[in-house]
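Annotated in Swiss-Prot:
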type     : residues                     : note
BINDING  : Cys12, Cys96                 : [4Fe-4S] cluster binding site
BINDING  : His41, His74, His124         : isopentenyl diphosphate binding site
BINDING  : His41, His74, His124         : dimethylallyl diphosphate binding site
BINDING  : His41, His74, His124, Thr168 : (2E)-4-hydroxy-3-methylbut-2-enyl diphosphate binding site
ACT_SITE : Glu126                       : active site, proton donor
Amino acid sequence: MQIKLANPRGFCAGVDRAIEIVNRALEVFGPPIYVRHEVVHNKFVVEDLRARGAIFVEELDQVKDDVIVIFSAHGVSQAVRTEAAGRGLKVFDATCPLVTKVHIEVARYSRDGRECILIGHAGHPEVEGTMGQYDASNGGAIYLVEDEKDVANLQVHNPERLAFVTQTTLSMDDTSRVID
């Protein structure tokens with residue numbers, strides 16, 4: 001059997017939704033619209049949005065108070081949400097619903113004091129946002145695992161209460177290599 005991949009391929013539903021949120025904000029409110037992190041890893045889409053008035057920033061300290069900020073499909077940490085609220089920023093949350101589901105699970109593990117493994121890539125905006133959902137004050141911890149070597153070096157306190165989640169954009173192959 002021969003499989004042909006179309007090029008270019010489309011975006012996932014979460015990214016499509018995030019792009020639509022930025023487009024609608026530009027239409028309704030006009031530029032500038034600030035977006036925390038690039039809404040998608042696609043230079044053509046990002047440049048088009050930038051040309052229409054979207055301003056992509058890495059951190060909230062790059063924007064003035066009382067402006068519109070859109071959180072990208074990758075999601076953000078609780079600390080970023082708290083900072084935005086404290087500064088009176090008008091936030092539109094374009095976090096992918098699948099990422100939000102992972103955030104909710106991590107927050108629940110945190111509340112229950114369970115240790116949690118996040119399988120993902122260090123430095124990726126989704127991983128940073130997911131790690132930032134965990135509050136270790138209940139006695140648990142969250143660990144980032146990128147590969148099999150990290151698993152070999154991992155020391156958990158209670159393997160019976162260990163949970164794991166994954167970065168939503170990881171391939172099944174990458175994930176299964178770590179889990180197996």
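Cβ atoms here come from the backbone N, Cα and C positions, even for glycine.
Across the structure, His41 (isopentenyl diphosphate binding site) and Cys12 ([4Fe-4S] cluster binding site) are spaced 12 Å apart at their Cα atoms. Counting only the Cα atoms, the space from Glu126 (active site, proton donor) to His74 (isopentenyl diphosphate binding site) is about 4 angstrom. Shown in sequence order, Ala73, Val99, Pro125, Glu126, Val127, Gln167, Thr169 are the same-chain residues outside His41, His74, His124, Thr168 whose Cβ sits within 8 Å of the Cβ centre of the (2E)-4-hydroxy-3-methylbut-2-enyl diphosphate site. If you measure from the Cα atom of His74 (isopentenyl diphosphate binding site) to that of Thr168 ((2E)-4-hydroxy-3-methylbut-2-enyl diphosphate binding site), you get 9 Å. When every Cα pair among His41, His74, His124 is compared, the largest distance found for this isopentenyl diphosphate site is 11 Å. Around the Cβ of Cys96 ([4Fe-4S] cluster binding site), the number of neighbouring Cβ atoms within 10 Å comes to 22. A 10 Å cutoff on Cβ-Cβ distances gives Cys12 ([4Fe-4S] cluster binding site) a total of 15 other Cβ atoms nearby, all chains included.
Long-range Cβ proximity for Thr168 ((2E)-4-hydroxy-3-methylbut-2-enyl diphosphate binding site), meaning a same-chain Cβ under 8 A and a gap of 6 or more residues, is found for Gly14, Cys96, Leu98, Val99, Val102, Glu126. Rounded to a whole value, the Cα-Cα separation of His124 (isopentenyl diphosphate binding site) and Cys12 ([4Fe-4S] cluster binding site) is 17 Å. In the three-state DSSP scheme, Glu126 (active site, proton donor) falls into the helix class. Summary for the binding-site residues His41, His74, His124: the Cβ-based neighbour count within 10 Å is maximal at His74. DSSP assigns Cys12 ([4Fe-4S] cluster binding site) to coil, not to a helix or a strand. Its own atom aside, the Cβ of the residue listed as 'active site, proton donor' has 25 Cβ atoms within 10 angstroms in the protein chains shown.
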